[in-house]
Amino acid sequence: MLFQCIRRVTDPVESREMIEDESTGSSLWMWQNQRIQRLTVTPSPIHKVSKVGTYRNLSVHEPSDWILFETSPNFESILTATVKSGYERAVVVRDKGLEDGVERVIFGRNLTDFQVKMTFFDALWWAMGTEKTFQLDRFVQVDIDDVFVGAQGTRIVEEDVRILIQSQKSFGKYVENFRFMLGFSGSYFRNGDDSEDRGDEFLVEKAPEFVWFPHMWRHNHAHEHNFTYLEAIMTQNRIFAKNMNLPVDYPYAIAPQHDGVFPVHEQMFDAWKKVWNVSVTATEEYPHFKPPTARKGFIHSEIHVLPRQTCGLYTHTQRFDEYPDGFDKVIQSIQGGDLFFTILFNPISIFMTHQQNYAHDRLALYTFENLFRFLKCWTTIRLKWQDPVSSAKLYFQKFPEERIPLWTNPCTDPRHRAILPPSFNCTRKTLPDLLILGPQKTGSTALGSFLTLHPNVTQNTPVPGSFEEVQFFGGKNYLRGVEWYMSNFPNTSTVIFEKSATYFDNPSAAKQAATLIPHAKLIVILQNPSQRAYSWFQHLLAHKDPTAVSSGSLLSILENSTTSSELKVKQRCLSGGKYVHHLDKWLEHFSLQHIHFVDADELKREPAKVLFTISKWLDLPDFEFDAHIRFSESKGFSCRLIEGKTKCLGESKGRKYEPMTDELKRKLDETFQLDNSALFKFLRKNRLQIPEWLEEAVRVTA
Ligand SMILES: Nc1ncnc2c1ncn2[C@@H]1O[C@H](COP(=O)(O)OS(=O)(=O)O)[C@@H](OP(=O)(O)O)[C@H]1O
């Protein structure tokens, strides 16, 4: 409620309490504990989806707990109640802002009533200023899965098919171009009694009336099979479709029980593409079956996965009186309940139904006819059908942020674990416990190599093409999926870590890492950002980066960058050093207790001490790092001692180059001044060790 400070007076006519807002001095008056008889959507610029002029009479059993507003030239009703005495008052009022210059929409009640709820969303869209761009089109697709699957006595017969065709035509009144989409597993064709077999035959005779899409040959669970087998059974289904002249016009398929779509079974995706050229599917499982309102889409391996909705009907719901919890639940869901709002909120709704819902009492036809009618009656939205390829295009245009999936750990979710291919071995540890985030050029390789000296610690197997790093989160490898990520880690019970110095300043890495490995610990190395930038520039020179080479110096890049390649070099040199800026992202997803900071200078100076602290933090048994790390005079850095031999990092780590000029150092220190001071404050506030270089940097600029 907007109003907190109120004055009560008693209305002599209705003996109800009238309340005046004193907190703002507003002249809005309201009535408490009202019973209302009718609700009418009043003309107003705010209504977008609610159809103006529609009204409904409320039952006498409705509670008398409504708060109503008195309208006036300053406050106009946008949803009007008629009360017993015949007076009209506002359930939702628009404050035109004439008193204090602020326009508002004020609700006197919670959002349980669907008209109030619709008005609330209209008001939200209005407040966000979306009224001009607001789209009223809603695309609806009704899939009838398993048109041939079902036990005898549950299946459709010829008459059901006739009614289905009629309904498809009559639904066209509400949904432009409406077509039912029929999913088939050919092996079950003519698997019923005589009348049901005739039903199947008739459906195939009438095949061109519908849009068809494949499941498997039988009701196969994809996760149980490899590519070869999946290819074979899909091909069988394809031959069936060809022999029966089923028009499979769109590259759309549905996996039985969504098995193989999420968690992704790569081999099913490959077989789909090879046999059916599939580019669109839908699932209820991403990111998870529950809650249905949070379902999303994603694109993987060029297949567009759209979210799929349930409509309260399942294979066992064939008759009105058998509906679990009573059929009233479905009616409530249609009449301003979940089903109604599913269509309202989603630009594209793909509903799953089954053949059985169109047999016997034909509950699906009842449900959708009433749902479409109800929507048509109460809203201004335009219901349409379009093919799944167009829907996928539209969906990912509207929600581009959903294109890249957010991988979860299927092994920790019983529902997902049950449909995992055997290649996902959840009995062994497959994901890292620790990430060394970098940033780049801070000594992350040295730290990782020293850490592997501990017998209870293992690193990922080296990945070719990315300096041995996995570079999964926030990078191209992320698109290769969880199974690929897991394949980089050995089967071991020790602490597993990977270091990808690209993670720290990547904008997507924190969220992706937290979604897959929420309990992982993280290490961040704090290197003087000026030194880090210079080291990165040396790295570019060593790799003969044309922009770095032609610029002549980092100073020139900092001062004169204009071209996009120069700006990119500049950004790459500077970005990683903006510690607090990037840390904010990681701290959105991980607690500070999960993050350990290493001073890069200390790592160079006293690596064994740094490693000792880390092993304590990781709860590892004591290990004498001292005895396994030696300083190499020729390298100028500490190296591992393995079987008596000094093993230093390669030439690209600990390069020999001229030190920074004073001028460049000044310029860089100046550039990082604010970032350094933010890092200093952050560490001090959280009682974390402040590196000497940072103390110095802040002192100099203070
Ligand atoms: N023990 C040891 N051996 C070799 N190098 C060491 C060591 N400790 C820290 N360093 C410093 O590490 C810098 C390279 O950092 P990274 O490994 O994080 O670089 S990378 O981003 O992974 O390429 C590298 O930067 P450059 O000196 O510019 O080559 C080193 O300064």
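Every residue gets a Cβ built from N, Cα and C, even glycine.
The following features are taken from TrEMBL:
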{"type": "ACT_SITE", "residues": "LYS441", "note": "active site, for sulfotransferase activity"}
{"type": "BINDING", "residues": "SER535, LYS653, GLY654, ARG655, LYS656, TYR657", "note": "3'-phosphoadenylyl sulfate binding site"}
{"type": "DISULFID", "residues": "CYS639-CYS648", "note": "disulfide bond"}
{"type": "DOMAIN", "residues": "17-127", "note": "domain 'Heparan sulfate-N-deacetylase N-terminal'"}
{"type": "DOMAIN", "residues": "137-340", "note": "domain 'Heparan sulphate-N-deacetylase deacetylase'"}
{"type": "DOMAIN", "residues": "432-673", "note": "domain 'Sulfotransferase'"}
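On the structure: features taken from TrEMBL.
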residue: LYS441; record: active site, for sulfotransferase activity; Cβ neighbours (10 Å): 24
residue: SER535; record: 3'-phosphoadenylyl sulfate binding site; Cβ neighbours (10 Å): 21
residue: CYS639; record: disulfide bond; Cβ neighbours (10 Å): 21
residue: CYS648; record: disulfide bond; Cβ neighbours (10 Å): 18
residue: LYS653; record: 3'-phosphoadenylyl sulfate binding site; Cβ neighbours (10 Å): 17
residue: GLY654; record: 3'-phosphoadenylyl sulfate binding site; Cβ neighbours (10 Å): 19
residue: ARG655; record: 3'-phosphoadenylyl sulfate binding site; Cβ neighbours (10 Å): 12
residue: LYS656; record: 3'-phosphoadenylyl sulfate binding site; Cβ neighbours (10 Å): 8
residue: TYR657; record: 3'-phosphoadenylyl sulfate binding site; Cβ neighbours (10 Å): 12
For the recorded 3'-phosphoadenylyl sulfate site, enumerate neighbouring residues of the same chain (Cβ within 8 Å of the Cβ centroid of SER535, LYS653, GLY654, ARG655, LYS656, TYR657, site residues themselves excluded), in sequence order.
-> GLN538, SER652
Quick one: which of the recorded positions (LYS441, SER535, LYS656, TYR657) have their CB closer than 6 Å to ligand 1?
-> LYS441, SER535
Using C-alpha positions only, work out which of the recorded positions LYS441, CYS639, CYS648 is nearest to TYR657 (3'-phosphoadenylyl sulfate binding site).
-> LYS441
Rounded inter-Cα distance in Å - LYS653 (3'-phosphoadenylyl sulfate binding site), the residue listed as 'active site, for sulfotransferase activity' = 9
Whole-number Å only: compute the distance from the Cα of LYS441 (active site, for sulfotransferase activity) to the Cα of GLY654 (3'-phosphoadenylyl sulfate binding site).
-> 10
Rounded distance in angstrom between the Cα atoms of ARG655 (3'-phosphoadenylyl sulfate binding site) and CYS648 (disulfide bond) | 12
Take the domain 'Heparan sulfate-N-deacetylase N-terminal' (17-127) and count its residues per DSSP category (helix H/G/I, strand E/B, coil), listing them in that order.
-> 14 helix, 47 strand, 50 coil
Record lists SER535, LYS653, GLY654, ARG655, LYS656, TYR657 as binding 3'-phosphoadenylyl sulfate; longest Cα-Cα distance in Å?
-> 12
With H, G and I counted as helix, E and B as strand and the rest as coil, say where DSSP puts TYR657 (3'-phosphoadenylyl sulfate binding site).
-> coil
Take the C-alpha atoms of CYS639 (disulfide bond) and LYS656 (3'-phosphoadenylyl sulfate binding site) and report the distance between them in angstrom, rounded.
-> 16
Using C-alpha atoms only, work out the spacing between GLY654 (3'-phosphoadenylyl sulfate binding site) and CYS648 (disulfide bond) and round it to an integer in Å.
-> 10
Expressed in Å to no decimal places, the gap between the Cα atoms of LYS656 (3'-phosphoadenylyl sulfate binding site) and CYS648 (disulfide bond) is 14
Between 0 and 100, where does the mean pLDDT of the domain 'Heparan sulfate-N-deacetylase N-terminal' (17-127) sit?
-> 89
One should report the C-alpha separation between SER535 (3'-phosphoadenylyl sulfate binding site) and CYS648 (disulfide bond), rounded to whole angstrom, as 18
According to DSSP, folded down to helix, strand and coil, what is SER535 (3'-phosphoadenylyl sulfate binding site)?
-> helix
